[in-house]
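Copied over from Swiss-Prot:
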| type | residues | note |
| --- | --- | --- |
| ACT_SITE | CYS173 | active site, acyl-thioester intermediate |
| BINDING | ARG75, GLY76, GLY77, GLN78, VAL79, THR80, TYR81, HIS82, SER142, LEU143, GLY144, GLY155, LEU156, ALA157 | substrate binding site |
| DOMAIN | 36-211 | domain 'BPL/LPL catalytic' |
| SITE | LYS139 | site 'Lowers pKa of active site Cys' |
Amino acid sequence: MMPRLQQHKIILRQLGLQPYAPVSQAMHNFTEFRTDTSADEIWLVEHQHVFTQGQAGKAEHVLMPGDIPVIQSDRGGQVTYHGPGQQVMYIMIDLKRAKLGVRQLVTAIENTVIGTLAHLGIESQARPDAPGVYVGQQKICSLGLRIRRGCSFHGLALNVAMDLEPFLRINPCGYAGMQMTQISALKAGTTMADVQPILVREFTRQLGYPDAEQQPWSLADYLPPDAQSPGNKQCEV
């Protein structure tokens, strides 16, 4: 667990079910236009069905996408799937201000998920050869980050209660035959609402933040400054 970040708060925004592209653009805009005084943010979101290709993604790992769109992403890693019932958490932290290294952040994210699952009675672990969190040999959480101007964005995708079939259409994270699992298969009846507060609490504990301050989310708040009307707020929060 990191030293407590006394001087900086973190804002929590709940987005609900959203298409991938506009949320991704909003996240990029926030990162591009944030200032030294902008609070760090975490966004909880479920995405409509989409495959995303990371920067290292290879076309041969997209086997048969069918009617699910494939979108290029600038996060690290290979191809993965997002869909309803999967908890995505975008993590936008000023690493320079927090005096936090990228490896430290990755470890904190993995430990966040491991702690969340432990709270639900599920034993899991990280693997040095393949980022993410695993239950036995099955992957339950993917992660991918990008750092720009010393600030992180993108984050984690935790399988909670979803249709896992689309993972069969790809080589998840570039691994042929990688088996996926989810919380509801290991603890029946677990819902997104059960998981969200535990996940947020574990994350703030790992990074040493005070409790997250929940604020509403609106796409209009994350337009570039020159595209905002005078009545809209700036990207800085």
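Glycine is no exception: its Cβ is also placed from the backbone N, Cα and C atoms.
Keep in mind that what you see is a predicted model, and the values were worked out from it rather than measured.
Spanning the residues ARG75, GLY76, GLY77, GLN78, VAL79, THR80, TYR81, HIS82, SER142, LEU143, GLY144, GLY155, LEU156, ALA157 that the record associates with binding substrate, the maximal Cα-Cα distance equals 15 Å. DSSP classifies GLY77 (substrate binding site) as coil under the three-state reduction.
Following the DSSP three-state reduction, the secondary structure of LEU156 (substrate binding site) is strand. Reduced to three states, the DSSP call for GLY144 (substrate binding site) is strand. Comparing the recorded positions ARG75, LYS139 by how many other C-beta atoms lie within 10 angstroms of each C-beta, the top residue is LYS139. For the pair formed by VAL79 (substrate binding site) and LYS139 (site 'Lowers pKa of active site Cys'), distance between Cα atoms is given as 14 Å, rounded to the nearest Å. Here the Cα atom of GLY144 (substrate binding site) is found 10 Å from that of CYS173 (active site, acyl-thioester intermediate). Sequence-distant contacts of TYR81 (substrate binding site), defined by Cβ-Cβ distance under 8 angstroms and a gap of at least six in the same chain, are HIS49, VAL50, PHE51, ILE68, PRO166, PHE167, ARG169, ILE170, PRO172. Of the candidate recorded positions, GLY77, LEU156, CYS173, the one lying closest to LYS139 (site 'Lowers pKa of active site Cys') when CA atoms are compared is CYS173.
Proximity to the residue listed as 'active site, acyl-thioester intermediate', defined by a C-alpha to C-alpha distance within 10 angstroms, is shown by the following binding-site residues from ARG75, GLY77, SER142, LEU156: GLY77, SER142.
In the structure as shown, the Cβ atom of GLY77 (substrate binding site) sits within 10 Å of 22 other Cβ atoms. Residues within less than 8 Å, Cβ to Cβ, of LEU156 (substrate binding site) and separated from it by at least 6 positions along the same chain comprise VAL88, MET89, ILE91, ILE109, THR112, VAL113, CYS141, SER142, LEU143. Neighbour density at the Cβ, taken as the number of other Cβ atoms within 10 Å, is lowest among the recorded positions VAL79, CYS173 for CYS173. For GLY144 (substrate binding site), other Cβ atoms within 10 Å of its Cβ number 23.
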